[in-house]
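Engineer: Following this message is one structure expressed as structure tokens.
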Amino acid sequence: MTEYSINTLSIHEIEKLISKINSENDPIFLELKEDSRKGVQTLLNRWYKQKELEKRSIKQYEKMSYHEIKARQMGYHFIAGIDEVGRGPLAGPVVSAAVILPKNHYILGLNDSKKLTVNKRNQLYKQIIDEAVSVGIGIVTAKEIDEINILQATKKSMLTALQNLQVQPDFLLIDAVQLDSIYPESSIVKGDMNSVSIAAASIVAKVTRDQLMNDYEVQYPGYAFQEHKGYGTKKHLDAISELGPCPIHRTSFAPIKSLFKERD
């Protein structure tokens, strides 16, 4: 029995109590199950749902750790996941991130950055920055994309992200690109859904690029970069038609390319 009567506690006090319970075999939890108050039963149901969600998240994380575990079994220790964001937009840079996650450490909820809400993505971004062994970022501007093409720009941004890691990796997991760097590597189709390291990199790259595009909206108002992040939405295309391209537009991409031809 507890040192106090559960029945004398308010729902708010019980909510605080439940938040500290990790097992349904906890004596306090067992006592709460006998409490007939609707508010208490609601809190217990919420606790069960939260624990079930945590179990699913752990299972998903373990499933997505397959490639990292395999690499460690091969003798590698510092495995960098690499991913890019921004290959398709009409404006702005392509941004890549390289992330080395710690061994036997869970950052639950990692997934393809596009499948996450903004709030969840930002929350995970902070956790990745705080808890990763090392994070590197590479950025290639729209001007350079036009000069060397988007594929080469993507590879350059990935290599730059690798160079910006504070800890040297010994194995790379890359999302659907063969980088041919000095490190052994594995290219994984849909890597941001199948590797925790690549998923972490996709989140860092996405949050970094989104912030850059928000900043560009201040620098180049009228294009609504903070809304579409440079992608070819109707609103963006209408703004280009009205205002013309700005310095961060990719002049080698259609329909920007045709606009420049019309002006020549």
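Every residue gets a Cβ built from N, Cα and C, even glycine.
Note: TrEMBL annotation is automatic and uncurated.
Residues annotated as domain 'RNase H type-2' in TrEMBL: 77-264. Residues or ranges marked as divalent metal cation binding site in TrEMBL: Asp83, Glu84, Asp175.
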Engineer: May I ask you to report the DSSP-based helix, strand or coil state of Asp175 (divalent metal cation binding site)?
Structural biologist: strand
Engineer: Could you say which of the binding-site residues Asp83, Glu84, Asp175 has its Cβ with the most other Cβ atoms inside 10 Å?
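Structural biologist: In terms of Cβ crowding, the pick is Asp83.
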Engineer: What are the other residues, in sequence order, whose C-beta lies within 8 angstroms of the center of the C-beta atoms of Asp83, Glu84, Asp175 at the divalent metal cation site?
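Structural biologist: Other same-chain residues with Cβ inside the cutoff are Ile82, Val85, Ser96, Ala97, Met158, Ile174, Ala176, Val177, Gly191, Asp192, Ile198, Ala201, Ser202, Ala205.
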Engineer: Taking the domain 'RNase H type-2' (77-264) alone, what is its mean pLDDT?
Structural biologist: 95
